[in-house]
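Per TrEMBL, the feature domain '4Fe-4S ferredoxin-type' maps to A:250-278. Positions annotated as transmembrane segment by TrEMBL: A:31-51, A:78-99, A:152-170, A:190-206, A:327-347.
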Amino acid sequence: MSNGVSTESIPLYVKQPKVYPREVKGRFARLRVIAAWSLLGLYYVLPWISINGQQIVLFDLVNRQFHIFGITLWPQDLIILSLLLAMAALTLFFFTALAGRLWCGYACPQTVWTEVFLWMERVTEGRRNKRMKLDQGPWNKEKIARKSAKQFLWITFALWTGFTFVGFFVPIRDLGLRLVEFNLGGWETFWLFFYAFATYGNAGYLREQVCKYMCPYARFQSAMFDDDSLVISYDVNRGEPRGPRKKSADRAELGLGDCIDCLGCVQVCPTGIDIRDGLQIECIACAACIDVCDDVMDRMGYPRGLIRYTTENAMAGKPTRILRPRIFIYLAALLALATLVGLVLTGRDPLLVDVLRDRTALHRVTEQTLENPYTLKLSNRTDRDLSVSIGVESEALSGLRIIDPTDSVIIAPSEVANQPLTIGMPIDRARVGMHEITIIATDAAGNILNETETRFFIPARALE
Amino acid sequence: MTRADLDIPPRPLAQRLGAILWPSFFAAGVATMVFFAIVDPLMLRDMTFPELELSRMAGYTIGFFLFWAATAASSLFTWLLLRPASRFNRRMQ
């Protein structure tokens with residue numbers, strides 16, 4: 001130790017004390033259960049719903065199309081997807097400014113799946129004290145049986161989760177059939193296990209460590225917070241000095257506050273903190289401590305809300321302003337984005353038309369007619385068959401007509417059809433030059449699907 | 001104790017792994033989405049390794065993991081640079 005450098009060994013892996021959250025009942029626990037059921041329901045059921053044989057949510061990577069509730073997005077619609085993601089982020093900001101970490105406590109997949117895994121742990125290993133005892137105890141028959149049962153539930157559920165995940169990218173019914181036949185593709189199998197493993201690890205083992213060490217939201221949320229944001233807080237003025245007492249005791253006489261120091265709030269906390277130490281970055285605002293404390297207050301005959309949803313301003317005895325510039329700015333940005341998405345979505349042509357000029361023969365002359373050949377690339381961007389008729393208009397030229405195709409063309413959903421197109425005009429009306437023309441695609445009912453500009457070429461030698 | 005002497009105790013393994021793997025995973029996901037929205041994996045294959053039989057799914061998967069390898073390497077490098085000198089000095093006694 002002469003050089004002053006400590007030589008004591010420092011373990012590379014500092015083990016975190018395991019958190020054993022106690023089960024909790026109450027208003028907010030009920031809300032969390034409802035949220036978990038709705039969100040997990042959406043996740044596990046949505047891919048199985050099809051309308052007209054089309055899975056309503058399918059990110060069909062193999063065919064490079066996203067189907068979302070009847071809207072088909074193509075790679076060139078990336079802007080819509082980006083706008084939707086920006087909207088999701090702004091919604092998160094808005095709710096954070098308004099009501100704190102609602103997302104963390106009720107909707108984050110990490111929270112929701114952890115709760116399901118905790119529930120399975122409770123079913124197989126028992127309540128908090130029993131779980132702690134089981135972990136400390138020797139590996140006897142009961143421990144092996146309970147731990148195996150838990151692992152069986154966890155792994156089955158994780159694999160099902162992984163399967164569902166792949167089902168958002170590959171049609172799930174077909175995937176299910178092939179799963180039963182043990183006939184999954186290599187990449188499908190890989191992603192199924194990858195996602196299953198991530199779920200198992202995150203919800204089974206990492207749990208609160210994901211929120212504490214891995215989640216960036218927990219770190220930058222303070223940017224959206226202010227003294228008017230809802231937070232979960234312990235009322236220090238009311239609670240302190242804390243201390244145990246009999247229910248019959250007069251707390252004023254004992255000089256005690258309302259907190260009986262039962263540690264209920266610490267035991268139920270999924271991230272293992274003591275809310276009485278103040279607002280902490282680890283708090284995911286699940287409100288479990290509110291539920292358990294309200295219950296204790298009821299039993300003591302004290303008013304509820306020693307721990308409650310409140311704002312920093314309210315705690316300091318100042319008025320809370322809900323409608324403040326921050327809220328309006330987030331809301332305005334959100335509305336602007338939503339309008340933009342709506343405009344982009346409705347402005348999309350149901351049919352995408354690319355007009356390619358025929359490079360080998362720009363024009364052709366028959367007895368009475370001068371013709372220009374083209375190739376049309378028609379992409380049906382809807383989820384139904386399109387019957388497309390092609391027409392042509394021009395301000396510069398008169399007498400233009402479609403020579404081929406004369407009939408309408410049927411294009412299947414999401415199909416890209418190559419359609420030869422020949423436009424002709426009477427040779428006696430032709431004037432030399434490159435003339436602007438408009439190709440108009442209409443559906444069977446005569447509605448215009450798409451208008452595309454191109455050129456009609458009349459060289460001097462054609463008129464000689 | 002001066003500020004220069006302040007030494008942060010080593011962080012838990014889960015925290016180190018999480019701080020390196022998770023942000024890089026997220027960044028790789030976004031990069032993959034943007035990249036493959038513009039580039040069709042089949043086109044990319046024809047331009048690079050036309051003799052290989054790679055499906056689109058394979059292309060997306062390989063692309064994602066290449067991105068993740070790059071972003072995770074960067075995160076790892078950042079972590080190494082942020083480690084206090086004491087972590088390195090301690091080993092040389």
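Yeah, the Cβs are placed from backbone N, Cα and C, and that goes for glycine too.
Unlike curated entries, TrEMBL annotations are predicted automatically.
Simply put, out of A:78-99, A:152-170, A:190-206, A:152-170 has the most Cβ pairs sitting under 8 Å from the transmembrane segment (A:31-51). As a whole-number mean, the pLDDT of the domain '4Fe-4S ferredoxin-type' (A:250-278) in this prediction is 89. Beyond its flanks by at least six residues, the transmembrane segment (A:190-206) meets 110, 113-114, 116-117, 154-155, 157-159, 161-163, 165-166, 169, 184, 214 of its own chain at Cβ-Cβ distances under 8 Å. DSSP assignment over the domain '4Fe-4S ferredoxin-type' (A:250-278) gives 12 helix, 0 strand, 17 coil.
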